[in-house]
């Protein structure tokens, strides 16, 4: 009887809501004259109406609950508002997905359209994906949505803000909102005052946000020290690097141990033996002041290689040692010279560029599946210009007469059957690797001007490929969500790194060659052990896909750049962000550390190269405790191009900065 009355009440309310006045009046009259209508004694119909009434109530609870929570949040005190606003986004997306899961597809769409604009600025990529959730099955099929449903969102919030939120939920008795928050949000409550607004980049993480799992992984031990017995270390012991810095002589006796540790600040992201050499004793003067406060614990000892390293010829050794002796020491007051290569007439076909260690060769990968390599010496002789012509010629000879009789110096490498997305020179410049949409990686000889090997293993386009700092080994990353380790003499990958939730967009080797880092569209960076293939670090904090990575020459820090223009500096030991670098207004396509690790260069689609003071960032943890200053990394200089987005950057062993980009009329 009670049930029947509830059904009757709902039917009356429904008729009134829909404007069926006559039917509503008729029902009312019938109820006055007799007992509640039993709908022809049809229990199924009564059951359906009862269920429908609850559904209608569900929809209203989500709409009203979120709308009221939103109004309350925006009207909160400014001191707490930015922390409380962090709660709105996860509540919004989970309310939307709850409505979809319960079958209220039209209402879910109305809810989404009503409130999604609040979150467009910070979460446009997520919202684009969620717009594609049009049925209950989509929640299961779409990995992004499934991941959000399975993992709790972690939100940092102070005690005061947390108390205000609980008080509001209790007062309004908003069961729908309370249910969403209880089921999908994990609050990390901190003591004291609310954090600064600038910390928002790190407080809400949705994708790959199983923070407990990440914390567990980040407890694994990693050995970030540099390889023992590197050329630089040997040269340092012989005193061959002292000529650049007589100051270091006075510190030698007490600093021998420190120096060898600091020497770990060498080798760069491209050549362990080659790159490692990059850091020299003159670094002592700079490095001693650069890192002491940033390293509360002693530098890690030298490590043994996990991979069998190739043997270096005496001739190459001597050449590298010569570069090390003549290296310019950079600092915040001694910035690098920059050589910029501009591609012209590429007709929007250039996808990537790469520069050899000494800047003598520049490569470009094109949408027409070609790879072109320019020899700077020959280009200078032939054209007297530093611009790179990108017309689509079908010949592969190095000196070709163009339409106006001007000779061009480039070698055309053809073999791929899809756009070329990445290219990388070996440390000595004698080989170049290219990766393509055709799912393959090709190895080319710059001496023979020929394709040597085609590596097949990925199932989808290969976005990035990078030679190891010692050559011979290389790493690739793909749309198939994996990264792979290869060696030049094997056609199958040595290791497959799987774990990212979306495309692996970029890959970078650690200076000691024992680890690789991968950046993904799932907005995380992972560090992998080359020997075991295991993930040993997960770095969470970016708000968009990661497009570039760089390892510091000392092996301790890593920089990552994303699609929004944010760069983050990470401590590999702890897995924590040391500092975010704000300044670029568009995608950060390339990052490079100077050879002693004191300067970080970043190249962006906003047509600038920015130089950052790394010393400031490594001192950040202590400074911030005292001053609370969130702007932890100082921008030293911004170098603007005329209208050329910056595709690639590379520091030579002598610390000259090379950059390349394409002249764009659309910028």
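Using N, Cα and C of the backbone, Cβ positions are placed for all residues, glycine too.
These come from TrEMBL:
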- 57-185: domain 'TFIID subunit TAF5 NTD2' (DOMAIN)
- 238-301: region 'Disordered' (REGION)
- 238-266: compositional bias 'Basic and acidic residues' (COMPBIAS)
- 343-376: repeat 'WD' (REPEAT)
- 384-403: region 'Disordered' (REGION)
- 384-398: compositional bias 'Polar residues' (COMPBIAS)
- 413-445: repeat 'WD' (REPEAT)
- 455-496: repeat 'WD' (REPEAT)
- 497-538: repeat 'WD' (REPEAT)
- 539-580: repeat 'WD' (REPEAT)
- 581-622: repeat 'WD' (REPEAT)
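Residue counts for the repeat 'WD' (581-622) under DSSP, helix first, then strand, then coil, are 8 helix, 19 strand, 15 coil.
In this model, the repeat 'WD' (455-496) carries an average pLDDT of 94. The helix, strand and coil residue counts that DSSP assigns across the repeat 'WD' (343-376) are 1 helix, 20 strand, 13 coil.
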